[in-house]
Structure formats: C-alpha cells, structure tokens
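Some features that TrEMBL has for this protein:
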| type | residues | note |
| --- | --- | --- |
| ACT_SITE | HIS128 | active site |
| ACT_SITE | GLU177 | active site |
| ACT_SITE | HIS181 | active site |
| SIGNAL | 1-19 | signal peptide |
Amino acid sequence: MTPAAPGRVLLCCLGLAFGYLCCAHGLWSSDNHEWEKLIMVHHWPATVCKPPHIRCFSHLTTPSLMSRPTWKDAASPQAAIAEEGARLAASPGPHQTLTSAFRLRIHHGDFKEVENDCRNPPDYWTIHGLWPDKAEECNRSWHFNLDEIKDLLQDMRIYWPDVIHSSPNGSFFWKHEWQKHGTCAAQLDALNSQKKYFAKGLDLYRGLALNSMLQKLGIIPSGNYYQIADIKDALAGLYGVIPKIQCLLPKQGEEVQTIGQIELCFTKDLQLRNCTEPGELAAAGQGTWSAGAAMGLQVCKDGPVFYPPPQETNH
C-alpha cells in the first residue's frame, strides 16, 4: 500500500458515514421523499384489539352480499360518495340494526370518544392514518404540537382514536402519524400544516363513509365468512377504484384470516385512484408501514375471511 492509500481509505469511510447519517436522519429531499399516492387507511378495532385467545367462528357458509347501490344520478363515484356522507351527517339517528346482538353505529352522534388501550374499542371502522406511499419521516425537526389541532380534538378522539395505547389526550398516536406520514404529506399545499393534514384526514374519512357503504353492500360483521374477492369487488364497484384489504393470518386453532384494514387511495389532487392496478400483485409488505406490520397485518389472500363482530365485553 502506498503512503497515500490510508488517506484515501479514511476519506472513503467518512463519505460513507456522512451518507448514512443523511439517510438515517431523514433530511428533506425531493429525491428521497417523492410519493405518488395518498393512502386513506381504515382499521377495524375488533381486529386491532384481537387478543390471542379469540378463535374464529366455525361457520363456513358465506353470506350473500346485498345488491350494490348504483349512482345513476351522480356525476362521478366521488360525488355520490360525498353526497352520501353529507346525507348521513344530516340524518337524525342511527341508520341500521345489523344483528340482534349488536348495532354498528354509523351516525356521528352515536360514535364515541375513546380513551383506552383496547379496553373499550369502537364498534366502527376508524382512521389508522393518511399515508403517502414511498415516503416516511420526511422532516424530523417538524415536531408535533397538540395545540395546532385543538379545534379538531373532539372529532379526532371519535374518528381517529388510538385504540391500542393509553396516552394523555391520545396524542401518542397522532404524534407518530404526523412525524412519520404527515411531514411527507406536507409536500401538498392542502396538507402543509398539522391542522390541514389532520383536518383533511377527517374530511376524507367522512366523505368515503366506509361504515355506511359496507352496510349498503351487505358486508357486516358476522360469524359467517366472506370471500375476500367479493368484498374487494364490491368496494371497487362502489368507489370506482381498486382498494387494498389487509388481514391477520390465522393463528393456531383458527380457520381463516381476519380482516383488519381497508385502504382507499388518492392522487395528489385528492381524487380517488387505484391502490393497485388491474393485474398487479400487491406485495404483502407494500404500503404496510411498521404500525401495520407490528400488528401482523398483510395483504389478504384470496379465500374466506372473518369479519369479527365488535366485542361487547372489555378484554
């Protein structure tokens, strides 16, 4: 080795170390944090809070789906969905009784503020997050500030609750969502502040009205099993785009996978778009950030799926 060689090695090592630090600290860069679509992630608390001892029901019959609604008078599926969301918000009371055992509350007055760590989970689909694809933790210096969303807190506790962790004001979960996903979504003017980001998440959730739409399709929590393709096709027919559905794999003693999350995707113009393109195979980990992976969720496999009824007792 020539005398100059150790110097070259040292410079090389320093360059690699600097490159690693830049990546590790998530410095803002249009190259590193570009994304194409925005993912509205709903999760089902009965699955998120599913304890290890719960077993799937053994009924193997598949419920038939109700006839799908048509939107003949609407300019677009998005317009029809928005109209339905507005109708539900203006309605005087709960809309449907699902079974004799429980009622899935879909009217905003029947949702509940949640302060739990799975002790009393909501019995309706709630928001997991609003996630740009292909980007996370875009600006670690942009810290979460609860005061910036104080006007949204009542709705946040109802529609975007932390059903797993117990934390003051539920802020642990929202802090995580902002720092991991919101700082990347902020590339859009419509989402470039904490208040805009969380407010838009609430608006999209209400507009999609997933709880109501699933009921219209006859897809309700049940001891019977559904076919995952039937749920996916029904939602695609309603919203006009291909969703992504995620499940828990069956554990020992269970017969089938359990539905856990439903994702609907938007363009940067906040128009509905496919989460996966026709014929595209959704990779099990694609679009599933560490929060979903930590819960064991992955893209559902074709075949039967369990949509568990809400638990009426604390666990």
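Placement of Cβ uses the backbone N, Cα and C atoms for every residue, glycine included.
Automatic, uncurated: that is what TrEMBL annotation is.
Positions of the features from TrEMBL, shown on the structure.
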residue	record	Cβ within 10 Å
HIS128	active site	28
GLU177	active site	25
HIS181	active site	27
Using DSSP reduced to three states, classify HIS128 (active site) as helix, strand or coil.
strand
